[in-house]
Every structure is written in structure tokens, then in C-alpha cells.
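Structure first, then comments.
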Amino acid sequence: PALGLFLFTTARDPLRIIILIAGAFFCLVSLLLSSLIWFIAVKASDPQVEPLQKGLLIFGVMFSVLLQEAFCFLYYELLRKAIEGLVALSEDSCSPISIQQMAYAVAGVGFGLMSGAFSMINLLADSLGPGTVGIHGDSQLYFLTSAFMTMVLIFLHTFWGILFFHGCEHQHWWEITAVVIMHLAFSGLMFCNPLYMGSLVPSYLLMAIAATWAYLLSGGSAQNLQRFLLCKS
């Protein structure tokens, strides 16, 4: 699905590709910084104290979420300046890309693809072996569940990007706060594993809520959705 989003909505426009790659880079920098801080905190603490290590893990997750959203806001400010420059250079005083398209292609798909790749790269490396998943009685659905969680993460970032940029554009700070809370809630659901149903089901419900909200903010309606499903113009 993530590849489909890129091919059908972004790949044909060079400007969108450039903005998407830049957005993915911002997301990668935020993830690397949060990983570095968590790594230093773990090395500086006593590894034998299990409650402390768990607390550091929770801190690392929360800090990573807040840092990602902070970088998203910084990139929004950068894009606003870029739009002003594009308008000044254009002959018709119009930007070749709207803020809504930037919200989707940048903070959305760009952040989502990078977050998905970042979360799956270690799992894909471990899947090469040695070892067999579930050989000691654990769930054999670990990799399949991780794939579904990565998919929902990418979609959530796409919808969160639309909501975040809309909140910044109209100074609806409660929308930005809602995005941060949803991001924290989704990340917190990971602590339900290995009870996978405890994390998968709420995550997809959260995705449905975010998708509906982003659809309505983008100008969608029940009538438009009905026409789309019935293939009517």
C-alpha cells in the first residue's frame, strides 16, 4: 500500500519527489537524534536495574515522538518560506504545489515511509537467521504482525501530516495537540506486545479515526465517497 501511495500520487511529479525525500530526511534526523539520546542514557545507567531500563525505554519512545513532531513543525515553517519563494518566481504568482499537497507528500508519505523503513530494517535483518520464530513457544506471527504495524504506521503518518499542517496553517493548536496525543497513544500500544491483538486492533481503529478526520479536513464528504465507490463523476 505504501508503494502504491508513492507510485500513484507522487512519482509522476518531480517537485513532489524532492519534497518527499527532504521530508523523509527530516524524519530520519529526528529518529537518529532520539536513538542517540536513548543510547547514551542506557549506557550511562545500570543495566541490571530492570525498572530503570523500562523507564528509559518509555522515556525514549515519548522523546522520539515529541522530537518527530517538532521536526515536522520546523519543516512546515521551512516549506512556508519555500512557497513564498516559488510564488515570487512564478509568472502567474501562483505556487506550483499547494500546502495541502505538501502536507500529504511531505509530513505524510515522506515521514511515513522513513518511519516504516526505520522500524522494519532491524527485523528484516534478523529474519535472515539464524533461528526460527516461535520455536520456544512464542507467537509465530511476529514478522507478519510487524508488517501490519508498519503499514498502519505509514498510513497514520500520512493522515497525521494532513492534520498537523492544517492545524499549523489555520493556527488550530488543538489539532496539533491531537496529533501528538494520537502519536503517543500509538507508540504506547507497542508495549502491549507480545499481546498482538492488544496493539493491532486499537492501532487500526486509531487509523480509521485519523483517516476520517483527514478526509473531512481535505474537503471530502459522504457524497463524494459514495460517488467514488460507485465510480460516478
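Heads up, residue numbers simply count up from 1 along the chain you see.
Heads up, the Cβ atoms here are built off N, Cα and C, so glycines get one too.
Per TrEMBL, the feature transmembrane segment maps to 17-41, 56-76, 102-121, 141-165, 172-191, 197-217.
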- Task: Any chance you could find the range in 56-76, 102-121, 141-165, 172-191 with the most Cβ pairs under 8 Å to the transmembrane segment (197-217)?
- Result: 141-165
- Item | Positions on the same chain near the transmembrane segment (102-121), where near means CB under 8 A and six or more residues out | 2, 5-6, 9-10, 16, 19-28, 31, 68, 72, 75-76, 79, 83, 146-147, 149-151, 153-162, 164-166
